[in-house]
């Protein structure tokens, strides 16, 4: 049934509500809850079986009302608690569930081994049946089919009360039917047994299915245990990320004293102290102190970053040395750290189109299986087979037809991929990215802040005449830096940064729009526009003239340095390319992708950057809206476009592309516009992110092919009487185990 669409007129009143749903045991349960919720007018719901979270867009309904709807469907629900920082006491629900299942599994397995051995012996060699053999088998089977299998029976009973079915219904009915038939055979009138042998035992187990009932319980418990453990491992990366948050923070009081409070109580604009080895509690600005900060947990970047006063810092990172006084600019759920955790959680609760199809199939699958099982048993009876043979076929169909693998195919892969991506600094916001990635053929780059560092630097120093020695170069740079150290111009900072130890300047003079001058070490030094420097003494030095023409043709800034009235050097100042730019572009081209540069710079500058990094083509003089037009034109030409931007002024282009990747620190614009957030300021994460998305889609497709193929092939085989119910139970458990194990391979993505 299609979910009611919330109209545009109602957008202002639409509330997004997330519920934690417990009691779901398979994809059919999730489909049932989703259907119940979507029957409510003005509600659009999506229920994820793997994460047990219902995401609901509702008009005019409160969370408790929606919880009531879920309760009426036979499950439990409570408003989802947004957690950004987990303390050590936080429990892992999947891990706890796995431990409970393990206790039942161990008891069941210990009893199943002698039960299977004795059952096989008594079936193959009837003469070995000692007096009371039926009681022995019953005593061994009873704890398994009752206590160990109780999780299945309890859900089946609840389903029966609500007139619904689920995977547990199939399992419980199979176990109960096999047990009842076996007890009837053991303690009822037994026909004389003709012949013996292993093949006869495998085909019908001598009409006694206690080992089948116990075996199905063991195999299904094992499958559920490994499934729960895999889901726990899949979420471990997210839990580890969340646990990085500071638990306590030392707030700096007005009198200089420090007060330690829980990090959750920190307020915006409060100042706090962070010492070596401590985690920064919130996003903020350094007010006092200097320290190296370990960003690896947040960005995957191994190299520490040095923070000085006025530098921005990110919560969740660790101070390695020094003491920092930080003023909080974002706290709690507003921090970048919290936003990244939410991104992973939201990605894990979304559904791909393939998963919606799988959930729909699972929702109707169980009733269909009962019909097929009944028809198969009836057909065998009509064909002249005995009741025990017909029952064996019916039981085999019920046991083998588990749709659990179908329901786990996509969510488990997404959970593992999003967790691994978080460890690498790659945050996939949802399935849109995964479903688009396989058809990407064009990657478009912004320049400033994406291919470049977004900060001016001296790129070349050209000396005049015979002054080509390194000593002459350092001397001129030092003189220029000394004069510029008194200036506040952006170009000045680049020149000062190029000289390690500029000297003092006297008589500093700044001429607006032209340059600066001053006395340094007894020399009169001028730094500025070539036209201003040569206003009285023309420069005819070929090297300097050539450097000026080359730099200006590339859209770079060229300044001359004059010492005592003689032009000594030309400094070319430009936005520096990132070290990773060329390698990242080469990696993309090696994957057969076309690369394009979009920039607001002039044609010469755009072509120069494109040539330096190996980009196929460049489009210059672009305003933000012009970038959107270019991307739209590429899409109209049949290309599938990925846009890589810094997320600040590239928001429209990131949204307009088929796939948006925001690289950098994850600004609000980036988080809202991009499909993939690359926290590390390293362009090599672009091909890595594309590879992760492709690997995830390959895993999902493999899981879906297996899950669909298994059910399509297994049911006819069981209906044909070619599978003993015990083997059917093992095959069903292996199906789910294969899916979760295949998904867990993504945990090793990118490991070198």
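Cβ coordinates come from backbone N, Cα and C, glycine included.
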Swiss-Prot annotation (transmembrane segment) - matching range among 693-713, 714-734: 714-734
Where Swiss-Prot places transmembrane segment among the ranges 62-82, 83-103, 167-187: 167-187
Transmembrane segment range according to Swiss-Prot, out of 340-360, 361-381, 424-444: 361-381
Structural state census, the domain 'HMA' (15-78) (DSSP three-state): 22 helix, 24 strand, 18 coil
Chain residues outside the transmembrane segment (132-152) and at least six past its termini with a C-beta under 8 angstroms from it: 25, 101, 104-105, 107-108, 111-112, 114-115, 118-119, 122, 168, 171-172, 175-176, 179, 182-183, 186-187, 208, 210-211, 213-214, 217-218, 220-221, 224
Other C-beta atoms that fall within 10 angstroms of the C-beta of residue 446 (active site, 4-aspartylphosphate intermediate): 27
Three-state secondary structure, residue 446 (active site, 4-aspartylphosphate intermediate) (per DSSP): strand
C-alpha spacing of residue 29 (metal cation binding site) relative to residue 446 (active site, 4-aspartylphosphate intermediate), in angstrom: 46
Per-region confidence, the domain 'HMA' (15-78) (mean pLDDT, whole number): 84
